[in-house]
Amino acid sequence: MSFFKKLKEKFTTQDTATDKYKDGLSKTRNSFTSRLNDLVANYRTVDEDFFEELEEIMIQADVGFDTVMTLVEELKMEVKRQNIKDTEGIRSVISQKLVEIYYNGEEPDELLNFKENDLTVILFVGVNGVGKTTTIGKLAHQFKNEGKKVVLAAGDTFRAGAIEQLEVWGNRVGVDVIKHSEGSDPAAVMYDAVHSAKAKKADVLICDTAGRLQNKVNLMKELEKVKRVIEREIPDAPHEVLLALDATTGQNAMTQAKIFKEATNVTGIVLTKLDGTAKGGIVLAIKKELGIPVKFVGLGEKMDDLQPFNAEKYVYGLFSDLVDKEELIDDEEERE
Amino acid sequence: MAFEGLAERLQGSIQKIRGKGKVNEADVKEMMREVRLALLEADVNFKVVKSFVKQVSERAVGQEVMTSLTPGQQVIKVVKEELTELMGGEQSQIAVGKKPPTVIMMVGLQGAGKTTTAGKLAGLLRKKHNRKPLLVAADIYRPAAINQLETIGKQLSLPVFSMGDQVSPVEIAKAGIEKAKEEHHDYVLIDTAGRLHVDEELMDELKQIKELSSPDEIFLVVDSMTGQDAVTVAQNFDDALGVTGVVLTKLDGDTRGGAALSIRSVTGKPIKFVGMGEKMDALEPFHPERMASRILGMGDMLSLIEKAQTNVDEDKAKEMEKKLRTASFTLDDFLEQLGQVKQMGPLDELLKMIPGANKMKGLDNIDMDGKQLSHVEAIIQSMTVKEKEQPEIINASRRKRIARGSGRPIQEINRLLKQFEEMKKMMKQMTNAQGKGKKRGGMNFPFMQ
């Protein structure tokens, strides 16, 4: 049985989440897989030109330069080992390697770290305009539906209208928002929010922060302080530090992940705006190089368009065209 | 600073071929492979990279290079010319409509920075061009987007037209333009909601706004950190609306900014402005030729001079120039300049504009944010007149006294003195380089000897 068939078997009971993945990723998938298929069709034999083209396809998916290089090197080895001559044979190896790179031999940590019967604090960080506030709104909605008591902290005191934006989400979802005035110290907001959430016996406190470019030293220090204040009030908090990452971002995402990790010890990534044509392939590289797993993906603008990340589903979404084809070939073989 | 990384990598790959007396096809191929990777790593779209590499390779193995006495140099010249070409030609101006008001539409993906840019642009129009702009809040989808524009309007004391989020954006745009006519505004900036370029319904809405308001400019706002997808996004928006220009935002980050190169070269649409920071005046006109030379590590003195002109008063600027030239720069002058430099923007960005500054040792670890500047001020203010003029007399016991006076640790005082020494050295180098002329290589110019 092929690798794809195994993957497919995991999804024989196709739930709505998988459908959403397929819908959200359809644009992503189409361009990526059709190009991969074109590549296979255009080249009969596996040679240097083939690999060069493959490199470019991967790079176009923003997979990340070093990862692409590693992948291509490994593929070349595999081709020699298995003595693959034609391009048909290499197709399954390509996707298999991608999944391997993501998992990197370890059990992925895709679930949120929740504290039982106590306050769980989730801190959101990221550069400007990646969708932190929107993601928080969606996440709050999800937690509320699970019957959790949620409090939001309006820690973006810098951008005009940011506090109001979170308040609108708070009203929509029906959860409390702790805020100070615009321009106030975000660390002070966090202090109040932690105490308020404790007093309210909330289950989850989700903290918004202002977007900041990772090369702004003083702003990153401010963020460290925000985290420190939370830590001081609850020693093992924040239980999750989530980096919001725009799927359209290119290689800079690696630097973002690296520097935000240094400053706030990021525990997971929320990959937003994956419903466009961007591929977000850089998450493979980030997982491989920094060990930060993706925990959620944003697949649309509606309240329930936030899905827990599942590497297999993600890859399945990316490659489901290929999966179908592979299966077809397998079925034919079986019939013969 | 954006583009820095790209410049470094390009310079690295070119270094190898620089001094070669003989260049064969293999040399060029090897270099071009590295150039290709440098561009790809910087998020330049792969198609753009491909045609660039092809173009350069063809010229590099052609007659003009092979017959040259210094083929290594010749190849580098070709790279430079082609890269400048890629960046686009002249700087383009913002349109003025035949009949006022001139209408500008801001469009783009979510989170690109449309609302902020609209505010900055309106501020720029008033400050630099003496215009009377009206901001129109047509983003009814994102929560508090209207509120955001209104707050920005308040910050800049600029009027904002809004009708709440229950009216269609098309109606808002129409009413906004009417209002501008009534109140004699000469520019109208329509802030539209962020949307995916593949969202047909919302793209249709933009088309309707366009039809109705017949804008003189449609600015596509693009995040400079965008990866390979930048080209698809730009192309789709352009196909649907006929974009007239691009505004590149968040260029004050450390992205290599390849998206800028790709969009220009694939859509042919000029980049008109770049967002350089979170402050409301951090929007600059885009100068392709200057940006090209900045990428190539050749500095951007023109922008530096312009910055000084707008932010520093002239008499003081002359004085500063003289001091810089003669390098008779004391800590007192340093203190005085600090205030002015602060107004011009972050020091590290200014340094990037100085030719060759990125190659100078010591400069890369001068890192001054706002707070550090005030610490520096405190330290200098705790020195005696003599110490400020002759910092070399500051011995251990003087250091201790200064530390107590300024409330800063001794290490910081040491660091400041060292940095000041480095700055003086840099200035000397600069003036020397000017004296010798570029050709003799007083400094390490890539592409030049």
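Cβ coordinates come from backbone N, Cα and C, glycine included.
A TrEMBL annotation is a machine prediction, not a hand-curated record.
Residues annotated as GTP binding site in TrEMBL: B:108-115, B:191-195, B:249-252. Cβ neighbour count for B:Thr192 (GTP binding site) (all protein chains, 10 Å cutoff from its Cβ): 29.
Marked as domain 'SRP54-type proteins GTP-binding' by TrEMBL: B:270-283. Within its own chain, the domain 'SRP54-type proteins GTP-binding' (B:270-283) is flanked in space by residues 88, 91-92, 94, 113, 116-117, 119-121, 123-124, 127, 152, 155-156, 219, 224, 245-252, 260, 263-264, 345, 349, which lie at least six positions past its ends and keep a Cβ under 8 Å from the stretch.
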The domain 'SRP54-type proteins GTP-binding' (B:270-283), counted residue by residue under DSSP: helix, strand, coil: 0 helix, 6 strand, 8 coil
Going through the binding-site residues B:Gly108, B:Gly111, B:Lys114, B:Thr192, B:Leu251 in order, which have a C-beta under 8 angstroms from some C-beta of chain A? B:Gly111
Using a Cβ-Cβ cut-off under 8 angstroms and a sequence gap of six or more, which residues of the chain neighbour B:Gly111 (GTP binding site)? B:Gly194, B:Asp223
Of all the binding-site residues given, B:Lys114, B:Arg195, which residue's CB has the most CB neighbours within 10 A? B:Lys114
Counting only residues 6+ apart in the same chain, whose Cβ is under 8 Å from the Cβ of B:Gly108 (GTP binding site)? B:Lys114, B:Gly194, B:Leu220, B:Val221, B:Val222, B:Phe237
